[in-house]
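Novice: OK, TrEMBL features for this one:
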COMPBIAS  1-10  compositional bias 'Acidic residues'
REGION    1-26  region 'Disordered'
DOMAIN    32-487  domain 'Major facilitator superfamily (MFS) profile'
TRANSMEM  71-93  transmembrane segment
TRANSMEM  105-123  transmembrane segment
TRANSMEM  162-184  transmembrane segment
TRANSMEM  204-228  transmembrane segment
TRANSMEM  286-307  transmembrane segment
TRANSMEM  327-345  transmembrane segment
TRANSMEM  357-376  transmembrane segment
TRANSMEM  388-414  transmembrane segment
TRANSMEM  426-450  transmembrane segment
TRANSMEM  462-481  transmembrane segment
Amino acid sequence: MIPPQDDEETPFLQRPDSPEQPKAKTPLPWDQFWLLLLLEIPDFLSARTLAPFIPQLIRDIGVTHGDESQVGYYVGILGSSSSAAHTLTIFHWSRLSDHIGRKPVMLTALSAISVSMFSFGLSKTFLGLVANRVICGAFDSSGAVLKTLVMDITDTTNMPKAYGYTPIPVMIATTVGPLIGGLLSQPADRFPNIFGRSELLKTYPYLLPCSISAFFISIIWLVAYICLKESVSTRTPLWELIKGGFFGQSRSKPRQSSCNVTFDPANPGEVQSKPLPLRALLTSKVLSVTASYTTMGLFHMAFSSVLPVFYATPIELGGLSLDPPRIGALLAASGIIQGIFQLLFYARLHDRFGARAIYITGISSGIPIVILFPVINALARAYGIGMAVWLCVAVQLTLKTSLIMCFPSMILFIRAAAPNRASLGATTGIAQVALAVGRIVGPASAASIFSYSLQEGHDAWLIYYFLIAIVFLAVGTALLLPRYPNV
């Protein structure tokens with residue numbers, strides 16, 4: 001059952017402790033919310049399954065020709081290819097969900113993730129790997145649609161609590177994914193007694209982890225097909241949208257007021273709204289939130305792309321010389337820490353300090369996170385991989401928890417910035433396009449600069465200067481956010 005929502009004449013998000021209009025907190029609609037938590041898993045599971053073995057995969061296919069300094073460069077290209085395709089399509093998928101409903105768009109996204117994961121394991125060339133990631137990125141709108149689904153079934157009083165639970169599936173995916181990718185890659189070599197006779201797994205050493213993830217995602221698709229209820233009350237058939245010039249309409253001038261809302265004073269509970277064209281969505285609130293989301297996403301993706309490459313790079317070149325199983329275990333431990341902390345404390349911290357304070361604190365934690373990279377390598381050079389190194393690694397991954405809490409805080413600002421409820425999907429799509437731009441620029445630029453800095457004669461600290469500059473840019477845009485989302 002979808003709970004009643006506030007009408008478009010009131011702010012989308014009010015502080016629960018607002019003295020003007022105190023409200024009792026609405027219970028979460030668990031009959032559908034549990035399913036949304038389940039649907040959070042595939043996107044994270046697929047990405048985290050690939051992360052531990054991608055550096056080794058790049059080496060195996062021979063695209064670097066044995067040049068270790070080029071591994072990060074190709075890892076960045078692979079990560080950015082998916083985001084580039086995602087950027088070109090995510091707004092249209094999100095806006096389409098306002099018209100035809102969330103469920104068909106969500107099922108399409110899950111299908112794309114599952115198929116691309118399986119075919120990724122069968123790829124033997126770098127071009128094949130890129131093609132798989134591009135296809136996945138072009139059709140995967142699950143992140144944006146899920147955010148909109150949560151907005152659809154929650155209200156202003158229980159939305160922070162809802163995002164307190166989202167770490168559960170993220171923790172599962174970020175724990176299980178690296179373990180699958182790290183432990184089950186190259187199974188014929190790692191477990192010769194079990195898989196040593198399989199010519200298939202010898203030929204395709206990364207097929208097993210990719211297939212297992214694809215299988216789990218297929219099961220989730222089936223559950224969603226059976227159990228997920230549509231949250232968009234008024235839907236338009238896809239063929240009618242195509243005949244009506246759906247994609248051209250997104251760039252047309254709005255023919256109604258900026259809010260595109262019809263409000264009947266005689267019946268204040270009856271509010272009719274329609275999805276807005278693109279120009280009407282580009283309000284100052286939406287633009288300021290989008291700027292913050294872009295810079296935060298840029299840093300998060302740059303850091304996330306550098307981290308496994310840093311772990312895999314030899315110590316003498318500036319890394320830690322860790323193998324895929326250890327990298328997978330570290331990323332899994334990080335996922336557990338982040339999930340438990342957000343589950344236990346996010347809603348309480350939001351009620352106490354507000355979304356803006358959490359967001360600024362989280363993005364500011366990027367400063368010590370970056371500083372710890374050269375510190376960890378210096379300790380490894382001086383003393384080897386010992387207690388001091390592992391302590392600094394643990395501190396860095398713990399600080400990442402604060403950074404991760406920026407995401408639920410930003411979703412609250414996005415919901416509040418939407419001009420009307422019928423345009424929630426499109427507004428979320430604009431923000432996701434901005435995030436996708438960060439995901440393109442972040443991995444490609446950070447991994448390339450990291451590889452460049454490893455080459456002889458170049459400043460080894462260049463990558464850290466770059467990351468610190470992004471952090472300060474993100475903090476600057478964060479200061480533009482209102483104190484409360486509804487302001």
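For all residues, glycine too, the Cβ spot is worked out from N, Cα and C.
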Novice: Does the transmembrane segment (286-307) come close to the transmembrane segment (204-228), meaning at least 3 CB pairs under 8 Å for residues 6 or more apart?
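Specialist: Checked: the transmembrane segment (204-228) vs the transmembrane segment (286-307), no contact.
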Novice: Among 71-93, 162-184, 327-345, 388-414, 426-450, which stretch has the highest count of C-beta pairs below 8 Å with the transmembrane segment (462-481)?
Specialist: 426-450
Novice: Under a Cβ pair cut-off of under 8 Å, which of the recorded stretches 162-184, 327-345, 357-376 contacts the transmembrane segment (388-414) most often?
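Specialist: Looking only at 162-184, 327-345, 357-376, the most contacts with the transmembrane segment (388-414) come from 357-376.
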Novice: Taking a Cβ cut-off under 8 Å, which residues six or more beyond the ends of the transmembrane segment (286-307) line up next to it in the same chain?
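Specialist: Distant Cβ neighbours of the transmembrane segment (286-307) are 72, 75-76, 79, 83, 331, 359, 363, 366, 369-370, 373, 400, 403, 406, 410, 413-414, 417-419, 427, 430-431, 434-439, 441-443, 445-447, 450, 463, 466-467, 470-471, 473-474, 476-478, 480-481.
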Novice: Along the domain 'Major facilitator superfamily (MFS) profile' (32-487), what average pLDDT does this model show?
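Specialist: Looking only at the domain 'Major facilitator superfamily (MFS) profile' (32-487), pLDDT averages out to 83.
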Novice: Go through the chain and flag residues at least 6 beyond the ends of the transmembrane segment (162-184) whose CB is under 8 A from any CB in it; none is fine as an answer.
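Specialist: Result: 28, 33, 37-53, 150, 154, 190, 208-209, 212-213, 324-332, 334-336, 338-343, 346-347, 408, 411-412.
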